[in-house]
Amino acid sequence: MAFAPSAAAAGTAIVGTLKGPDGSALVNVSLTAAAEGFTETVVSGSDGAFRIEVPKGGTYQLTVDAATLPTGITFSKAADQDRSILVLGGEKKVLFTFASGADGGTATTSSFTWARISQLLVDGLFFGILIALGAVGLNLIFGTTGLTNFSHGELLTLGAFTAVVLNELGLNLIIAAPIAVALSAILWGWGQNRILWKPLRRRKTGLIASMVVTIGLAITIRYALLLFFGGSPRSYQQFAGQSGLEFGPVSIPPKSIVFAILAAIAIAATVFWLQRSRIGKATRAVSDNPALASATGIDVERVISVVWILGAGLAAFAGIYLGSTQDVTWNMGQRLLLVMFAAVTLGGLGTIYGAIVGALVVGMFVQLSTLFIPTEMKTVGALFLMIIILLVRPQGILGRRERVG
Amino acid sequence: MDFSFVLGQSITQALGVTAIIYCLAAMGLNLQFGYTGLLNFGQVAFAAIGAYSIGVVVISFGASLWAAIPIGLLASVALALVLGIPTLRLRADYLAIVTIATSEIIRLLVRSIALRDTFGGANGINGKMGQAFHDLNPFHADIDLPFLTWTRQDLWVVTVGWTLIAIFTLATWLLVRSPWGRVVKGIREDENAVVSLGKNAYVYKMQALILGGLLGTVGGMVWAVAKQSVQPDNFVPDVTFFSYTILLLGGAARVFGPIVGAIIFWFLLVFVGEFLNQMIEAGWITFLLPTDVGPIRFILVGLGLMGLMIFRPQGIFGDKRELALDAR
């Protein structure tokens, strides 16, 4: 199936203004944005502004031809010359800071502008909420069944593709998204547990063996999606190229705001449900001690079913958001899996609050780390943070002080 | 449709360079997972260390291949220590998460633009990094048997590769029937029992992690020498999981498991791929495109891994009594 760039994405562009350390515009500087199968070079105008139209959201490599910079002007941060830019649809504003060659050393601090930090904080918060949606499900499933699910990323991908199918059948994304979440919860959550994990629990397949099974499942799902939907990225027909709303120095597309609010409500509802409802309390009891819970008359299998439904629903929600801000690809969930694990490990395996706190910390950390390290390496920072936490506090920030060895 | 071509390709690949590389990686996993019960999901990181140490030392720094090999082995031991120190005292899943994360950290680092001068970014390192090895080639002609075709260079790599595997297999056999082997098998079955007998399980697990990692590193070195090119995206986590499939196919905790597994795995994978390709070319299958063959092969690997782990976790030739995983 061929990929047709949707007309709605026409407003998608990388924009910015190049200004020297004294505030003067830098004219005729050559910039190139490149991605797979796409390259575009522009030069900055008389006001130093540039605009590179890109076909769709995604990651682009933005390079500046240093030879075209006026003499005596250098980058305050060498990494700015060549960095990968994540375009979420709409206009992506890119900030550059320059120094005059003589005092390049002292000007380094100027990249820590409040504008940049506040934008990164907001991006980090949104990214954190997105991770939290996945991490909560991951942690609930781990808590109740002990299974470390390496195919949880594929639950995001399956949710996003379910919405793609409904969307291409003609349903507006606003209608398609909730239906896709419900369908995913039943098909990929309840169904998966029913067909695969329940029989395996009955066979008394061990946890290590089950972990290897999740790997096999992840590979199978990923390549089945590649087979049926092809490798080209898809995007939803609505809200593809939304321009950001300006809040002072911060620019956010409206769809992100709507999503973040809905996601926060979903997470809050999950927490409330765990604390107050009968089945929620039963879930916590099973997490605590399955044998004891079973002995007190709790139907453990029913609790596990509910947890799978909830986890898959939340993951599908995350997948659809990720798909609407970037694009829907067969390996989108896999790329987020390790970040979700970092969040869960950071907060504490098996604890619901831990997953939320861990996700927010990881989201912020990933975005803010781009102040110091190249953007392409931001995931490395999160994974590194996870390993450090394991060294000093293996149970995670909010984990119970039990022996995890 | 050329059936003998399909068969010839399958046999050549089943005994070829790729099978050797995966066999070495799976032998490492056999020590770690099969015998000790360690869930190393980042074996590809060790292979990447091996391949990149040759590429970096020989091409980027212009030193000798014979200097690169010990450097790579030392780097591999260092990686095993870094992975093991925080995680080997914790539950099995922590090692799994940290190893897979580390394998991605290494891949992202070597493909980063910031370190492009050393590691070559996304293009990797290309050049005659294995020349010193190929200069020793005693073969003078390519081999072209009915079902076996290798160039002179491949023939040399394959000869040395299988010789290495034979030596390492013998070493593994001696190791696992020694007292050391009994202790690590004990750790796999019941760590607490081993600890209560006064053994330091942590040290034994670390030794298994280091030894298994070294085997993966040798696999990576074979890769660099044979292909004269290392690219970051060759070292994705799927390589680790292919190696697990090979191990389970041949039989975990079996000395010959990885060898049998690697040969069967690559024979089947190439056979299915080439067979489908030929069927599509001949017009016998019209509902598939040639580009669909790749994903189908991966789906079969995924299903195979699941099926093996569920129905025959000891592998095709394994002994169920030998491997009672998950005592905990």
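Glycine too: its Cβ is placed from the backbone N, Cα and C atoms.
As written in TrEMBL, here are the features:
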TRANSMEM  B:12-31  transmembrane segment
TRANSMEM  B:38-59  transmembrane segment
TRANSMEM  B:65-85  transmembrane segment
TRANSMEM  B:155-176  transmembrane segment
TRANSMEM  B:208-226  transmembrane segment
TRANSMEM  B:246-272  transmembrane segment
TRANSMEM  B:284-311  transmembrane segment
Within-chain partners of the transmembrane segment (B:38-59) [C-beta distance under 8 Å, separation at least 6 from its ends]: 21, 25, 28-29, 32, 65, 67-69, 71-72, 75-76, 79-80, 83, 88, 92-93, 95-103, 106-107, 110, 118-120, 124-127, 129-130, 205, 208-209, 212-221, 223-225, 230, 232, 234-237, 239-241, 243
Region pair the transmembrane segment (B:65-85) / the transmembrane segment (B:246-272), three or more CB pairs under 8 Å: no
Top partner of the transmembrane segment (B:208-226) among B:155-176, B:246-272, B:284-311 - counted as Cβ pairs under 8 Å: B:155-176
Spatial neighbours of the transmembrane segment (B:155-176) far in sequence, C-beta under 8 Å, 6+ residues away: 15-17, 20-21, 23-24, 27, 30-31, 35, 133-134, 136-139, 142-143, 184-185, 211, 215, 218, 222, 225-226, 255-256, 259
Sequence-remote partners of the transmembrane segment (B:246-272) [C-beta within less than 8 Å, at least six residues beyond its ends]: 6-7, 9-11, 13-16, 18-20, 22-27, 29-30, 33-35, 165, 169, 172-173, 176, 185, 296-297, 300-301, 304-305, 308-309, 312-319, 322-323
